[in-house]
Amino acid sequence: MSDSDTTLGEIRAFEPARGEADHPHSAIMRFGADKPLQLDAGGVLTPFQIAYQTYGTLNAARSNAILICHALSGDQHVANVHPVTGKPGWWETLVGPGKPIDTDRYFVIGTNVIGGCMGSTGPSSLNPASGKAYGLDLPILTIRDMVRAQAMLVDQLGIEKLLAVVGGSMGGMQVLQWAASYPERVFAAFPIATAARHSAQNIAFHEVGRQAIMADPEWRGGRYLAEGSSPRRGLSVARMAAHITYMSDSSLHRKFGRRLQDRDGHTFSFDADFQVESYLRHQGEAFVDRFDANSYLYMTRAMDYFDLAADYGGVLANAFKATKTRFCLVSFTSDWLFTTADSRNIVHALNAAGAPVSFAEIESDKGHDAFLLDEPEFFAITRGFIDAAARAVGVS
Amino acid sequence: MREAARASSGARVDLLLIAEMVQPGSRVLDVGSGDGELLELLATTRGCDARGIELSREGVNAGVARGLAVIQGDADIDLADYPDNAFDYVILSQTIQATRRPKWVLEQMLRVGSRAIVSFPNFGFWRMRLDLLINGKMPSTENLPYRWHDTPNIHFCTIRDFVDLVDEVGAGIERAVALDASGHPVRFNLPWAVWNLLGEQAVFLLSRKG
């Protein structure tokens, strides 16, 4: 006991996010040996825990619950100050009192997915078998595993049917998986800027990030937490590469152009002469302070493996056969990571399955990140879709 | 697109006429669904499973906020993505003149649905003819206020032209109604030539032949 406490203390000094791994600043649902999590990779994860936040009040009929699924680097802190960064929640633009997803009306649940590093069981959690962080001893996880764990949490919260499941990017993959795995438990599904399978190009970008992490000598075969090191450079480079894919050329150009950073001319060196360089370096550095490198490996892998059609005989429509869930999909014009064509592919499958589906392509030059930013048209359609679902269910 | 005569319910007369042609409980696709007025009418008064395709994001937003299923898309392209016989009716209301490929659109409608309903402004309406004859300029009316160089309407037709197109795609006409300038059906069972003159707009219920 005292041994593991010491380990935790040491780890905190190296890795601020590590402190959240076992003792997060949020609610935790623990699942003991009686409730193991079945994994796609085979075997079970037990015991395990899910860290989550809730906002608003569950009504008497338990009919106003909305589950928010986070993207690759997100967490359960959807609409509250982040305990590590001190910054607003990642979706405070969209979720909150009077916001498009109105916490005065709806009971909103944000979870940290399995494999994360903010309190749900992940590679930085203590492995009860060894008393040290799991590292790579944690089995590979899939999007379906994440959703299976979320369903167990929703069960524990006493909610039979969710008014809506909402999420963008990797969160959108979870929304699709929810609708496929538990159609009777999802009244409305809102997958944003996502795809039914991860493309080869996206897998390629992820591989660059993973290789950057694993090439860092401080990664130490994934045992860095137990050995008191931290692959900061590798994770930072992974984030820098990924961050480029979240923006568009025009948004990068508008923000930075070829402007120089704190200097009048080129230094003719490899310093960060350009503003865009120091911006990326800053993004990479800031990410290291709140995210765990192994979690990054596990989550990118989960996205890479995601191919919903493959789970249903290669026909995506079969994933949604006879579904009663109503869908609304949104894409953004300048998103080249998850394109409008990706969303349309899902729309076609839903049409073929006879599912009620809406779709809008939002004009934006902000790239994939648009779904996290202030986009009035996106907010309008979100509010419209969620409120119409609430009316249909009879939520006042 | 237009604020034609409205019945006491507040709905456009041509939309009420279309809704009345649809069997209750049918699966319906409204191509160019606008703000979702017809979709809502079909869902609430006819109990239909009604879906829409709409080009404008404002229209999609309005439809989604009404709780309808509306997909942002272009009839000229997206109809190809729908499976055969996915719907009982495919509706094109006051939109065919704005499509790039009217014939292709009509063929797709009759592939995706077993019946098609098409309403359109009749360019053979006497006032249009008179306008062109007297002024020598492209007609511009209250219902079609656009100028020739700044209009979404690129393929105007007359009732006669449309009937020819229906023949060409091998469809059958189950019902046809012409509405006069005040939105009333042209009363008598008159020959096409008279309809073509007096009808300010027309609504056709078509079915696949064979």
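The backbone N, Cα and C atoms fix where each Cβ goes, glycine too.
According to TrEMBL, the protein has these features:
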| type | residues | note |
| --- | --- | --- |
| DOMAIN | A:64-373 | domain 'AB hydrolase-1' |
| ACT_SITE | A:Ser169 | active site, nucleophile |
| BINDING | A:Arg239, A:Asp369 | substrate binding site |
| ACT_SITE | A:Asp335 | active site |
| ACT_SITE | A:His368 | active site |
How many Å lie between the Cα of A:Arg239 (substrate binding site) and the Cα of A:Asp335 (active site)? 18
Near A:Arg239 (substrate binding site), how many other Cβ atoms are within 10 Å of its Cβ? 22
Pop the Cα-Cα gap between A:Asp335 (active site) and the residue listed as 'active site, nucleophile' into the table, whole Å please. 11
State the Cα to Cα distance, in Å, between A:Asp369 (substrate binding site) and A:Asp335 (active site), rounded to an integer. 8
Ordered by sequence, the long-range same-chain Cβ contacts of A:His368 (active site) under 8 Å (at least 6 apart) are A:Ser169, A:Ala193, A:Thr245, A:Tyr246, A:Met247, A:Phe332, A:Asp335, A:Trp336, A:Leu337, A:Phe338
Other CB atoms, at most 10 A from the CB of A:Asp369 (substrate binding site): 22
